[in-house]
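Listed in TrEMBL for this protein:
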BINDING   Val229, Trp559, His560  FAD binding site
DOMAIN    90-113  domain 'Glucose-methanol-choline oxidoreductase N-terminal'
DOMAIN    272-286  domain 'Glucose-methanol-choline oxidoreductase N-terminal'
Amino acid sequence: MGHPEEVDVIVCGGGPAGCVVAGRLAFAEPNLKVMLIEGGANNRDDPWVYRPGIYVRNMQRDGVNDKATFYTDTMKSSHLRGRQSIVPCANILGGGSSINFQMYTRASASDWDDFKTDGWSAQDLLPLMKRLENYQKPSNSDSHGYDGPIAISNGGCVSALAQDFLRASDAIGVPFSDDIQDLDTAHGSEIWAKYINRETGRRSDAATAYVHSVMDVQNNLFLRTNARVSRVIFEGNKAVGVAYVPARNRGHGGKLMETIVRARKQVVISSGTLGTPQILERSGVGSKDLMQQMDIKVVSDLPGVGEQYQDHYTTLSLYRVSNESFTLDDFLRGDKEAQKELFQEWETAPHKARLSSNAIDAGFKIRPTEEELKEMGPEFNELWDRYFKDKPDKPVMFGSIVSGAYADHSLLPPGKYVTMFQYLEYPASRGKIHISSRNPYSEPYFDSGFMNNKADFAPIRWSYKKTRELARRMDAFRGELTSHHPHFHPGSEAAVQDIDIATAKQMLPDALTVGIHMGTWHRPGEKFDAAKVHHDIKYTEEDDKAIDDWIADHVETTWHSLGTCAMKPREQGGVVDPRLNVFGTTNLKVVDLSICPDNLGTNTYSSALLVGEKGADLIAEDLGLKVRTPHAPVPHAPVPAGVRATQVR
Ligand SMILES: Cc1cc2nc3c(=O)[nH]c(=O)nc-3n(C[C@H](O)[C@H](O)[C@H](O)COP(=O)(O)OP(=O)(O)OC[C@H]3O[C@@H](n4cnc5c(N)ncnc54)[C@H](O)[C@@H]3O)c2cc1C
């Protein structure tokens, strides 16, 4: 069917927030014509999307996999010791939810309250948090929902390493809980839940849940993919449509091939934290000075557009584990037998296959003790007093274990690994993104801002030590992979201990070099025994400096971008009002994570969905409609009516 040239509502960008808005509005009123325009490809029934265990492939950057766009810092950063950071974000229908790691967590109640915006407190948003969930885990918390389109479960399997992690967590003072996503708990560990449907084994992405579901039963939702929105069309200050170009710039004699679609009622920008400010600026909404430099007519002078970029910061350390452990390493490094076994398992019984998991089975949220705070320096302590002290529901760091190396396996020695992820949840550093030209194919000016506030070093240093202590107390622990740890002085107590001799001999029984001695180059590791680990490693000032250098050299995005079009008063640099209207315009809203005025301590898919649900309600209200629940049936994943998903079998 051809596409209409005029519709009622246009949604630009098919990430989680955009899919929720488009799907909810179209389902609310079959006579309302809604168009969703997405820059990437359609994700429908793509096995490289819906099989949960293959997600790391989405981070390949080989020119064939185009499911992600890679934003690189324009300038080298002195805060990263002269390095440029890279932030991949989604370029596919479903946005981040089609390529992300599927880790389910939620923001703390105080995160929403800290927005200090009418209608956006945690209490206001709780019904919407429930509305979006099909929670498939047992829980004592009353904060989850059971009839929504997004499935949350433990996936098809939970590895034994997760239990090992949880026991070791307890040993370092982080207690186990059955649900730390209750909006309150800030110090505890759990079996980490996943956006995977327990009944089908499939990834629970936002396009399948909100868009394909509606397109299966109605014909008022028009989907345009591989189409990049270049700008919003205004009549005066009123948004009346958008122009888009083909996603790939394939010549056309140097001319822009723009197609224009008109919107009778509303234009919604949902192109994500890094995409949305670029569309606004190309449309004349942004800093007046920048518009004038780019020769763009100013529609609304909003200097806050593209500013206050935030993320969470990841460092990761790799540990060796016993040869008996199940990890994804052989599968990931391309071992034919391992791949055949796991893919076949998926084909026969996807709901209980090892691939219907992300292999990230356990994790924790942590806050420092009074003693630990003393070690964390004046910059972090000042932030602590101002930001964390009186908000006991805010964790400082998350940690999680991956059963396998999250790394390029061609660069690793053979063997089995676990990855300890350390995530800084509320960095004090800030970055920015702005267009460098009015041409939609031009690279923007991007400054991730990573580590540009010194307060961010101490909590990452602290959590590196914590996860290291945890790893050493796991029964499966067999050493630390030298290349993925700080470079401590070889004489220091903190010096990294690589694989132990017993495990190395088991792994390579015929090798002539296992155990050779060449001083600090090669030294056989002592046989390891977790039961003998009773004290924490003591770090010197020099060791701490080695950790800080390692952080500057390696810290990267957690792919949780937010904040570049903040919902706050215009005079404070705000871009949208509490109803998500863009200041100085009419019929134009922004609905995605760019609207967050402050950080959210969570893996952000849940928050993007929530912002989408809130945006859908606000637009429905503007149009005199009401969102219908339950939503249209999700393809492959029917939710039996009236029975809690946790009780269905
Ligand atoms: C690699 C990765 C791993 C992650 N892991 C997790 C995880 O495990 N758990 C979790 O909770 N969260 C995770 N996240 C974060 C989560 O997926 C995001 O926070 C969420 O997707 C943000 O939603 P959004 O709607 O704001 O924007 P996005 O998901 O960024 O969606 C924006 C959409 O707009 C499109 N777009 C951009 N520009 C244009 C344009 N000009 N025209 C048309 N379309 C455009 C993009 O292609 C994209 O589809 C991860 C994200 C990534 C990238």
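Including glycine, each Cβ sits where the backbone N, Cα and C put it.
Automatic, uncurated: that is what TrEMBL annotation is.
DSSP gives Trp559 (FAD binding site) a coil state; it is part of no helix or strand.
Summary: among the binding-site residues (Val229, His560), the fewest other C-beta atoms within 10 A of the C-beta are counted at His560.
Note on the domain 'Glucose-methanol-choline oxidoreductase N-terminal' (272-286): its mean pLDDT in the predicted model is 98. Non-local neighbourhood of Trp559 (FAD binding site): Val87, Pro88, Cys89, Gly96, Asn100, Asp311, each in the same chain, at least six residues away, with C-beta under 8 Å from its C-beta.
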